[in-house]
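Chemist: Pasting the feature list from Swiss-Prot:
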REGION    1-30  region 'Disordered'
TOPO_DOM  1-75  topological domain 'Cytoplasmic'
COMPBIAS  1-13  compositional bias 'Polar residues'
REGION    35-54  region 'Disordered'
TRANSMEM  76-96  transmembrane segment
TOPO_DOM  97-105  topological domain 'Lumenal'
TRANSMEM  106-126  transmembrane segment
BINDING   HIS108, ASP112, HIS238, ASP242  Zn(2+) binding site
TOPO_DOM  127-145  topological domain 'Cytoplasmic'
TRANSMEM  146-166  transmembrane segment
TOPO_DOM  167-177  topological domain 'Lumenal'
TRANSMEM  178-198  transmembrane segment
TOPO_DOM  199-235  topological domain 'Cytoplasmic'
TRANSMEM  236-256  transmembrane segment
TOPO_DOM  257-264  topological domain 'Lumenal'
TRANSMEM  265-285  transmembrane segment
TOPO_DOM  286-388  topological domain 'Cytoplasmic'
Amino acid sequence: MEPSPTTGGSETTRLVGPRDRGGAGGGLRLKSLFTEAPEPLPEEPKPVEMSFHHCHRDPLPQPGLTPERMQAQRQLCTACAVCCVFMAGEVVGGYLAHSLAIMTDAAHLLADVGSMMGSLFSLWLSTRPATRTMTFGWHRSETLGALASVVSLWMVTGILLYLAFIRLLHSDYHIEGGAMLLTASIAVCANLLMAFVLHQAGPPHSHGSRGAEYAPLEEGSGEPLPLGNTSVRAAFVHVLGDLLQSLGVLIASILIYFKPQYKAADPISTFLFSICALGSTAPTLRDVLRVLMEGTPRSVSFEPVRDTLLSVPGVRAIHELHLWSLTFTHYVASAHLAIDSTADPEAVLAEATSRLHSRFGFSSCTLQVEQYQPEMAQCLRCQEPPQA
């Protein structure tokens with residue numbers, strides 16, 4: 001058979017007779033594959049661009065030694081080494097000077113060493129990946145380490161306050177003013193060095209995403225979030241409290257060196273500056289408890305988030321709105337959005353997620369879209385929580 005043209009421009013086939021055979025062999029005359037241009041291949045379909053949204057603006061803290069964690073480890077290791085050296089010196093100096101204030105400062109340095117070692121352990125533990133049991137990973141171990149640091153300082157300070165009170169009641173003690181002055185001067189230098197090591201500058205400049213160790217501002221709030229690694233921040237505040245106490249001990253040692261009869265300055269300085277150390281750790285303790293109690297992040301208010309979700313086109317009501325922190329710098333939100341029957345659920349979900357990410361910096365958002373029902377207005381579980 002061979003194709004034959006028709007008037008319609010299509011091809012038909014007919015039987016090939018003997019007279020159409022060419023050559024001695026009488027084979028079939030086939031249409032050559034090379035006499036006509038090959039038909040063009042069909043074009044591959046172009047990918048269709050679709051609007052895409054996801055529930056994560058930035059990933060939650062990833063397991064492994066990130067640059068921020070490596071920097072925190074270096075800072076804590078260096079400060080811990082400095083602290084150990086000068087703590088040993090203060091123990092010797094305090095013993096030789098018979099100074100309770102110097103021993104108090106040494107005890108605070110001991111608490112610093114313990115808290116820094118605990119922070120290093122919790123920092124290492126936080127690098128472990130999430131599991132089916134620990135679905136958020138071990139990131140909160142860092143917060144627990146900060147809590148242990150504050151609690152240890154408060155316990156040691158309470159003991160030293162008691163000893164200072166006993167010395168104020170009984171004056172049967174002697175203090176070597178020269179040894180106390182020398183040791184106090186070294187202690188001030190040691191605390192200044194540790195504060196310099198642990199000091200954290202502002203967040204590095206970054207394009208496109210927010211760093212792992214800081215969070216953006218809430219739109220219109222003007223209040224920045226806590227900066228820096230949690231463990232380093234707690235250790236830095238801890239050292240600042242010790243620095244204040246060391247300065248007080250230095251002033252007391254100068255007074256005792258020139259006026260030995262004023263030896264009561266030793267327990268008095270211990271009493272006053274221990275209270276300052278307690279007060280300096282109160283903000284850290286407050287922030288830690290807020291995270292552990294699943295409280296609303298300090299830089300995010302409930303009302304602006306609620307109003308932002310209600311302003312999304314198609315949203316009639318919201319309920320089950322929960323805002324909490326996984327760490328000091330990673331916020332999580334969840335809510336139920338009740339929408340009109342004519343609203344597009346996917347469009348509402350995409351717009352609401354985008355607004356939460358861009359305006360408040362939530363790391364993860366879980367939103368459930370459902371049809372609005374009139375009985376929601378009377379449901380107790382659909383009402384807003386009262387003011388604290």
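Cβ from N, Cα, C; glycine included.
What's the neighbourhood like for these features in this structure?
Modeler: Residue counts for the topological domain 'Lumenal' (97-105) by DSSP state, with H, G and I taken as helix and E and B as strand, are 7 helix, 0 strand, 2 coil.
Below 8 angstroms of C-beta separation, residues 61, 69, 72-73, 76-77, 79-80, 83-84, 86-87, 90-91, 94, 137-142, 144-146, 148-149, 152-153, 156-157, 159-160, 190, 194, 229, 231-232, 234-235, 238-239, 241-242, 245, 277 of the same chain, each at least six residues beyond the ends of the transmembrane segment (106-126), sit close to that stretch.
ASP242 (Zn(2+) binding site) falls within a helix when secondary structure is assigned with DSSP. Around ASP242 (Zn(2+) binding site), the same-chain residues at least 6 positions away in sequence with a Cβ under 8 Å from its Cβ are ASP105, HIS108, LEU109, ASP112, ASN191, MET194, ALA277.
For the topological domain 'Cytoplasmic' (127-145), the DSSP-based tally of helix, strand and coil residues reads 6 helix, 0 strand, 13 coil.
Below 8 angstroms of C-beta separation, residues 96-100, 253, 256-258, 260, 263-264, 266-268, 270-271 of the same chain, each at least six residues beyond the ends of the topological domain 'Lumenal' (167-177), sit close to that stretch.
Model confidence over the topological domain 'Cytoplasmic' (199-235) is summarised by a mean pLDDT of 47.
As a summary of secondary structure, the topological domain 'Lumenal' (257-264) carries 5 helix, 0 strand, 3 coil according to DSSP.
Tertiary neighbourhood of the transmembrane segment (265-285): same-chain residues 99-101, 104, 108, 146-147, 150, 153-154, 157, 160-161, 163-165, 167-168, 175, 180, 233-234, 237-238, 240-242, 244-245, 247-249, 251-252, 255-256, selected by CB-CB distance under 8 Å and a gap of 6+ residues from either end.
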Chemist: Can you give me the same-chain residues 6 or more apart in sequence from HIS238 (Zn(2+) binding site) with a CB-CB distance under 8 Å?
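Modeler: Correct list: ALA111, ASP112, SER115, SER149, VAL150, LEU153, THR281.
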Chemist: Please work out which recorded stretch in 76-96, 146-166, 236-256 has the most C-beta pairs separated by under 8 angstroms from the transmembrane segment (178-198)?
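Modeler: Against the transmembrane segment (178-198), the leading stretch is 236-256.
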Chemist: Counting only residues 6+ away from its ends, which parts of the chain sit with a Cβ under 8 Å from the topological domain 'Lumenal' (257-264)?
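Modeler: Sequence-distant neighbours of the topological domain 'Lumenal' (257-264): 167-168, 171, 173-175, 177-178, 180-181.
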Chemist: By Cβ distance under 8 Å, which residues at least 6 away from the ends of the transmembrane segment (236-256) in the same chain are close to it?
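Modeler: Tertiary neighbours of the transmembrane segment (236-256) are 79, 99, 101-102, 104-105, 108-109, 111-112, 115, 149-150, 153, 175, 177, 180-181, 183-185, 187-188, 190-192, 194-195, 198-200, 228, 262-263, 265-266, 268-270, 272-274, 276-278, 280-281, 283-284.
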Chemist: Tell me, how many other CB atoms lie within 10 A of the CB of ASP112 (Zn(2+) binding site), whichever protein chain they belong to?
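Modeler: So the Cβ neighbour count for ASP112 (Zn(2+) binding site) comes to 28.
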